[in-house]
Amino acid sequence: MSDVVEFLKTRRSVKPREMTGPAPSPAELDTILTIGARVPDHGKLAPWRFIVFEGEARDRAGAIIAEVFAQKHPEAPAADVEAARGALRQAPLVVAVVSSPKPHDKVPAWEQELSAGASALNLVTAATALGYGANWLSGWFAYDRDVMDRLGLKPEERFAGFIHIGTPQRHSSERPRPTLSEIVTRF
Ligand SMILES: Cc1cc2nc3c(=O)[nH]c(=O)nc-3n(C[C@H](O)[C@H](O)[C@H](O)COP(=O)(O)O)c2cc1C
């Protein structure tokens, strides 16, 4: 079996709390983003874009997330506000995948959204192939219009997810997978 097949058969996500620095170097990040942009994309519309949160940018984004959370939950305990503030702070690098569908008479928005999902998985796969840990996560703030606006999303855009990337501190245990007989039928 080729190394690539073995890699794909055994790839596992890493929890952000089990990641530490270093983050990918600038050259490695370029490689990861380049692979993220190399996905099936009907009509070559590039219906996705990436926002990189690294270093103190994670704190600026966290301050926005915490502020929106506190406004909407004035009774929330301080610990919950702090958890919101730390949403993007565990991994040293977070890349948001923004689904950015373009009006098109032949390519439905659904296909463009699927392409954004492919892009998110390619980022996870590329980071993992370079020896980093990665995890595709969302969270309430990924769907909150105020957070979305303040992180720079246009009205038609949504987050496909946040890809947390860092150096794994330990090996992730296996996760149950569906058996093929549960998910495969033959027509
Ligand atoms: C769009 C999307 C959002 C996700 N959001 C979360 C999340 O917020 N929290 C979480 O624990 N897992 C979330 N996951 C699941 C993880 O990315 C991942 O699938 C899971 O940890 C299993 O990882 P593995 O199959 O890559 O090993 C999300 C997955 C997708 C596709």
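The backbone N, Cα and C atoms fix where each Cβ goes, glycine too.
Just so you know, TrEMBL annotations are computer predictions that nobody has curated.
Copied from TrEMBL, the annotated features are:
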- 8-166: domain 'Nitroreductase' (DOMAIN)
- R11, R12, S13, R38, H42, W136, L137, S138: FMN binding site (BINDING)
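Location within the structure of each feature annotated in TrEMBL.
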residue : record           : Cβ contacts under 8 Å, 6 or more apart
R11     : FMN binding site : V124, T125, T128
R12     : FMN binding site : S172, E174, R175
S13     : FMN binding site : V124, G133, A134, N135, W136, S172
R38     : FMN binding site : N122
H42     : FMN binding site : V107, E111, Q112, S115
L137    : FMN binding site : P16, G161, F162, I163, H164
S138    : FMN binding site : F159, G161, F162
From the binding-site residues listed here (R12, H42, S138), select those whose CB sits under 6 A from an atom of ligand 1. R12, S138
Just checking a number: largest C-alpha distance across R11, R12, S13, R38, H42, W136, L137, S138 for the FMN site, rounded to a whole Å. 28
Report, as a single number, how many Cβ atoms besides its own are within 10 Å of the Cβ of W136 (FMN binding site). 17
Over the domain 'Nitroreductase' (8-166), work out the mean pLDDT and round it to an integer. 98
